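Chemist: Not my notes, these are from Swiss-Prot:
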- Asp81, Asp123, Lys124, Glu491: Mg(2+) binding site (BINDING)
- Cys122, Cys195: [2Fe-2S] cluster binding site (BINDING)
- Lys124: N6-carboxylysine (MOD_RES)
- Ser517: active site, proton acceptor (ACT_SITE)
Amino acid sequence: MPKYRSATTTHGRNMAGARALWRATGMTDADFGKPIIAVVNSFTQFVPGHVHLRDLGKLVAEQIEASGGVAKEFNTIAVDDGIAMGHGGMLYSLPSRELIADSVEYMVNAHCADAMVCISNCDKITPGMLMAALRLNIPAIFVSGGPMEAGKTKLSDQIIKLDLIDAMIQGANPKVSDEDSNQIERSACPTCGSCSGMFTANSMNCLTEALGLSQPGNGSLLATHADRKALFLNAGKRIVELTKRYYEQNDDSALPRSIATKAAFENAMMLDIAMGGSTNTVLHLLAAAQEGEVDFTMADIDRLSRQIPHLCKVAPSTQKYHMEDVHRAGGVIGILGELDRAGLLNRQVKNVLGLDLLQTLNQYDVMQTVDESVKEMYSAGPAGIRTTQAFSQDCRWPSLDTDRVEGCIRDIEHAYSRDGGLAVLFGNLAIDGCIVKTAGVDEGSLTFRGPAKVYESQEDAVDAILGGKVVAGDVVVIRYEGPKGGPGMQEMLYPTTYLKSVGLGKSCALITDGRFSGGTSGLSIGHVSPEAANGGLIGLVQDGDIIDIDIPLRKIRLDVDERILATRKEVEFARGDKSWTPKARERQVSLALRAYASLATSADKGAVRDKSKLGG
């Protein structure tokens, strides 16, 4: 029988000092035999996806204490990728994932907490907490802040849906008037919550649900809707049940590694491919799998990407649907239901509610449930009122979207495409693989051949695009932006956005060892591995070199003679200490970022730390 971890600090005369300090936090004698449960919040006023979380930790804590536990809340940092985008701040985004994971470990282990509820939402916060949960392997439940309502505005006598990406594209489009650009900007992000499309934050919250570590509805129920409150209240009650099951009944099925198994990771990846999730999810799933000692690799992702069709199309791949529409159609469970009916899912998985996949689908799939309360939950809709308050409205759709032929979520026979929304490409330019969000690629661009325009920073590429130096047919190559070379693996949202702004979104390709925002669409290929800073071939590409891209065949190739490449490699190594570094880039890199770069692996490993460099 496992012993409560917290007993280390609450039992025995040698812990009198620790108990004295616990008493100063409000604990009493009656509390010293109870499980201590960490409420891991990520409230910050910097991030719209987190601005409403201040009081939600208290909701969870009250339920924990009412159920027989002791709740202790702490906060992590949270970087807003959209605000950090397009300048040096983006260097800090991906490294913050590791910092969040470490800080959760530090707090939970330093204070011997028995379990935790993770209140996350945006891009690197959910992955960082997920890595920590699988690393620590103590009972854990995730409950996120929820998605933002889609923006809406009237242009040319037509009501259109909007999000952050529209504001960025139209803001740089010289054909859009100042008045219209200002109107779009003011309408794009109307409420608290994670940005309204299938961007990284919402993708990861959906995947956490598919992994079984959060409750049904977590990935899609709007931040503003009153129904979301129940997820927080139930998380507080349920974590105490899981904690007691593990420590008092020796039931390790309550642990994250027992829930997020290889089968669960495969289901989550199948969901990701089916819904055309952010390419960043590949990084984060690979990183989380390593923390949980799950043998889940790029080879698995490649295999699954060839089997799973595209069943759910959401912004930025279309402006017709946002997360509020996914929820109306049944959310994550609705998509999983269609995958299960096609015989594609692993059924031997469970979630934090203790339900296996079939039980979950029977109860929560809108296409088969008889539970009216579930149908009511999935009818939760937007109010269209600007607010930063959670649970501030209770509007409902007049009906659910159960149209699996032409609706937001499709059945297998009416898939948006037979190929899924993500693909792994291999070739001499990316021998360890690279990722493309096929859900956002125009059908006419699935194969592409063109000359390279090479840039060694995102900033130089942006200047070239806006300065008219990139033309139709070009393959824009941005290198030395990987985990090590950046450092920090910046998102290339501005280059892809500005290609659209200048009318080149469908006539150019972009390849990088950096990564892309979940808001990216178009022929944008990222995570090229090995990266330039690790001696990858992308570091040898020169202007005018021809690059072949074939998404249906999963190939990417630099069409340059091997003898020429060998000569270029010799020249590069001849640079000595400066080899495999940018030739002309001025960038201030802090000590913190240099420390991250010194241990960073390439994207095919999840950009996690290279443990071989740490010894032991």
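Backbone N, Cα and C define each Cβ position, glycine as well.
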Chemist: Quick one: which of these recorded positions, Asp81, Glu491, Ser517, have their CA within 10 A of Cys122 ([2Fe-2S] cluster binding site)?
Modeler: Asp81
Chemist: Let me know the most crowded of the binding-site residues, choosing from Cys122, Cys195 and counting other Cβ atoms within 10 Å.
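Modeler: Selected residue: Cys195.
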Chemist: Starting from the Cβ of Lys124 (Mg(2+) binding site), draw a 10 Å sphere and report how many other Cβ atoms land inside it.
Modeler: 30
Chemist: Using the Cβ center of Asp81, Asp123, Lys124, Glu491 as the Mg(2+) site position, which other residues in that chain lie within 8 Å, going by their Cβ?
Modeler: Val79, Ala84, Met90, Ser93, Leu94, Cys122, Thr200, Ala201, Asn280, Ser517
Chemist: Other Cβ atoms within 10 Å is the metric here; tell me which of the binding-site residues Asp81, Glu491 scores highest.
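Modeler: Output for this query is Glu491.
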Chemist: Asp123 (Mg(2+) binding site) has how many other Cβ neighbours within 10 Å of its own Cβ?
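Modeler: So the Cβ neighbour count for Asp123 (Mg(2+) binding site) comes to 34.
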Chemist: Which whole-number value in Å describes the distance between the Cα atoms of Lys124 (Mg(2+) binding site) and Cys195 ([2Fe-2S] cluster binding site)?
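Modeler: Per the Cα atoms, Lys124 (Mg(2+) binding site) and Cys195 ([2Fe-2S] cluster binding site) stand 14 Å apart.
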Chemist: Quick one: which of these binding-site residues, Asp123, Cys195, Glu491, have their CA within 10 A of the residue listed as 'active site, proton acceptor'?
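Modeler: Cα filter at 10 Å returns Asp123, Glu491.
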Chemist: Helix, strand or coil: which one is Cys195 ([2Fe-2S] cluster binding site) in, per DSSP?
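Modeler: Coil, per DSSP.
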Chemist: How many whole Å apart are the CA atoms of Glu491 (Mg(2+) binding site) and Cys195 ([2Fe-2S] cluster binding site)?
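Modeler: Rounded to a whole number, the Cα-Cα distance is 16 Å.
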Chemist: I need the CA-to-CA distance for Asp123 (Mg(2+) binding site) versus Cys195 ([2Fe-2S] cluster binding site), whole Å please.
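Modeler: That comes out at 10 Å between the alpha carbons.
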Chemist: Which state, by DSSP, holds Asp81 (Mg(2+) binding site): helix, strand or coil?
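Modeler: SS state of Asp81 (Mg(2+) binding site) = helix.
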Chemist: Give me the count of other Cβ atoms within 10 A of the Cβ belonging to the residue listed as 'active site, proton acceptor'.
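Modeler: I get 31 for this one.
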